[in-house]
Amino acid sequence: MRVLGIETSCDETGIAIYDDKAGLLANQLYSQIKLHADYGGVVPELASRDHIRKTVPLIQAALKEANLTAKDIDAVAYTAGPGLVGALLVGATIGRSLAFAWDVPAIPVHHMEGHLLAPMLEEKTPDFPFVALLVSGGHTQLISVTGIGEYTLLGESIDDAAGEAFDKTAKLLGLDYPGGPVLSKMAQQGVEGRFVFPRPMTDRPGLDFSFSGLKTFAANTIRQNDDSEQTRADIARAFEDAVVDTLAIKCRRALEQTGFKRLVMAGGVSANRTLRAKMAMIMEQLGGEVFYARPELCTDNGAMIALAGMIRFKGGTEGPLGVTVRPRWPLAELPALADK
């Protein structure tokens, strides 16, 4: 069985084809970074228009990559939310239209469930139950996962997401959009301990996060110091260490609270090398395992949507005939699959 996956929730157009026996057959991705760089962030209208231009050509490219035709596709999965409403509507409309034209089922997929399941595209996959850290530009959440659709929110950011804090702090340091990955690269040249940032909300019980204060702390630190390359690198190092430590402390609490021995990291920030090294160390101390997707499958992509669509379709999920998207869609509202 083969599923075509369509991802258009924000500023990446991702198309992939997943086979339940052969695995990932095609993975096409177009990023709009250059389009939005001059604005310092994603412009929703521009994002939607670019998805319109790129989605169908990428579908054609994916079919060519997999050496398949439309007749070889058994279902079409598309991101139905959460995300930018205009961008979501592009992918959902094209996905639903293709499914109708090809006479195959259309499967609406939750974007964050796609991220959560992305590590299952790797050879080493997690068994249930596990704690999931979903960490990206729009979300920072800790989830208890006991099966597909069996998600319990343990904690989340009460303000900025971790990825958003990375990008905003990078902008304060004068780095180009999107600055998060550039900040992380700069942090590698920083001196540990020259600056010490707080670890927000780690001095109290609970599993919620807060990262907006780190951005303010960074702004004050930048203003009070010289603008040399080394100082900027030292500030980047201090900021990254604070975010990573905060995430690690909360993950450890979640694992101890649930008693689970497996941690799944997903979302764009999960590609961060410092975060991966920190979590690997913690899981070794706890006698557990950490799982994550390869870096290119941590950011938005069609492969995770194709896989999630495959799993949901096998569990009996099929979308309505109309086109429906949900810009806001709590993960906990997803139905559980009867067969895990």
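Keep in mind that glycine also has a Cβ here, set from the backbone N, Cα and C atoms.
Feature annotation from Swiss-Prot assigns Fe cation binding site to HIS111, HIS115, ASP300; the stated evidence is sequence analysis. There are 27 other CB atoms within 10 A of the CB of HIS111 (Fe cation binding site), with all protein chains counted.
What Swiss-Prot lists as substrate binding site is LEU134, VAL135, SER136, GLY137, GLY138, ASP167, GLY180, ASN272. The Cβ of GLY138 (substrate binding site) lies under 8 Å from the Cβ of CYS10, PRO82, ALA161, GLY163, GLU164, each of which sits 6+ residues away along the same chain.
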By Cα-Cα distance, the member of binding-site residues HIS111, HIS115, ASP300 nearest GLY180 (substrate binding site):
ASP300
In whole Å, how far does the CA atom of LEU134 (substrate binding site) lie from that of HIS115 (Fe cation binding site)?
8
Only counting partners 6 or more residues apart, tell me which same-chain residues put their Cβ under 8 Å from the Cβ of SER136 (substrate binding site).
HIS115, ALA161, ALA162, GLY163, GLY267, GLY268, VAL269
Please report the Cα separation of HIS111 (Fe cation binding site) and ASN272 (substrate binding site) in Å, rounded to an integer.
20
Do any residues at least six apart in sequence from ASP300 (Fe cation binding site), in the same chain, have a Cβ closer than 8 Å to its Cβ, and if so which, in order?
GLU7, SER9, CYS10, ASP11, GLU12, GLY14, HIS111, GLY268
